[in-house]
Amino acid sequence: MNVLNLVHAFFGDGAHWHGYDGIPTRLAEHVTYSLEALLIAAVIGLPVGLVTGHYGRGGNALALIATAGRALPSFGLLVLMVLWIGLGLVPVMIPLVVLAVPPILVTTYEAVRTVDPSPVDAARGLGMSEARVLFRVEVPVALPLILSGLRTAAVQIISTATIAAYVGLGGLGRYIIDGLYQRDYEKVVGGAALVAGLALVTLLLFWAAFRLTVSRGVRRSA
Amino acid sequence: MNGFFDLPSDLQYSYLGLVGLHLREALIPVLAGLLIALPVAQLCARFRWIYPPVLGLTTVLYAIPSLAFFVVLIDYFGQSETTVMIPLAVYSLVVLVPGIVDGVRSVPKETLAAAEAMGFGPLRRYLQVQLPIAAPAIIAGLRVAVISSLSLVSVGMLIGNQGALGNMLYDATTYHRPALAVNSVLTTAVLGVLADALLVLVRRLLTPWMPRKGAAR
């Protein structure tokens, strides 16, 4: 059994390209779940990371929260949430967000905390308010690291969002779970290839975002 | 009779038995990953051109969902512990290599030159100079690898109940006993936190020259 042959057979089968179980539909579902989870995690992780990093306090508490978040098993959490609140999108979002918050939170905190203090002092000397110091000086300098935290979170979400299929939702995990129960390895490998491909596209998007948003001076020193 | 730690008999293990199985299924792969990562990282540090392709390959491998990895391996190793442990070893490898490369590269040139001037051969220089200086980076990688390995073992439940503590999740759904799922999740999390704390302790013991305070990571 050659994995490449299976991938070829999967993508070559026209039946995999149409309908509710077609690749476009499943891909769209997967991207939707992933984006929602990343958005929620960013809304939680970024502000907390920025503020704690700016004041340089709470590092130990953050490390503790992040360790706890990483230690919670995503799959177990999913099953538990389904038992507690029933089927639906919410029990899937909870483990994905728990998975994604630690990398965003810790990297953002570290990124802002380790910004060179002299330009920050200069900005304060110019009379900038704390909020302006954070957003005009610290964030632009810390942006490469902040983006890398978001990137790690995004790739982990995309790979883990496959578990949504275990509790009856769609997404690319559908191929993997269905393939497992139908003993159809072509489907499993095809689904895995799609997930890996999506992750690679995400890496490219983050690379593009890096080129677009990080100022040239910061890029050169990085 | 349905105490929190009393498990249904179809799990075939006591609570502590499952904990032991879980630790074995999670930690052996990390150890294997470390043993492969050390020489790979050394190669990447010495021949710089290898590093970008290795990094690309590992990123792709990391993006493959664990369940898909398991299912493909069933064909070769059956529904066994080996099938669960191989992907975990690969993920550990992926997490460990960049950290070790950065750690080994961060050793100052002067330090290496000093070791050479003292008559250290390449092997001795590696073991007594480069490795100890890279120890914090290696342990940082190990912390991530161990904690994610412990959490991923549970997914093995889906391939013929090879998920150790994860197997409790199956019983939790079929017998509708949420307490079993709570037990599984909490036990896994506690194991992760304990392993993490242990590694921090090991780092302190291995690197007594590092400042204690402010080195939370």
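Every residue, even glycine, has its Cβ placed from backbone N, Cα and C.
Positions annotated as domain 'ABC transmembrane type-1' by TrEMBL: B:19-203.
The transmembrane segment feature in TrEMBL is assigned to B:26-47 (among others).
The feature transmembrane segment is assigned by TrEMBL to B:54-78 (among others).
Here the transmembrane segment (B:84-101) has long-range neighbours at 25-26, 28-30, 32-34, 36-38, 40-41, 44-45, 51, 54-55, 58-59, 61-62, 64, 66, 69-70, 73, 77, 134, 137-138, 140-142, 144-145, 148-149, 152-153, 156, 159, 162-163, meaning same-chain residues at least 6 beyond its ends whose C-beta is under 8 angstroms from one of its own. TrEMBL lists B:84-101 (among others) with the feature transmembrane segment.
Marked as transmembrane segment by TrEMBL: B:133-159 (among others). Sequence-distant contacts of the transmembrane segment (B:133-159) (same chain, at least 6 residues past either end, Cβ-Cβ under 8 Å): 22-23, 25-27, 29-30, 33-34, 37, 66-67, 70-71, 74, 79, 81, 83-84, 87-88, 91-92, 95-96, 98-100, 102-104, 106-107, 111, 165-167, 169-170, 184, 188, 191-192, 195-196, 199-200, 202-203, 206-207, 210, 217.
Taken from TrEMBL, the feature transmembrane segment applies to B:179-202 (among others). Within the chain, the transmembrane segment (B:179-202) has long-range Cβ neighbours (under 8 A, six or more residues past its boundaries) at 2, 4-5, 7-8, 15, 19, 22-23, 139, 142-143, 146-147, 150-151, 153-154, 165-166, 168-169, 171-173.
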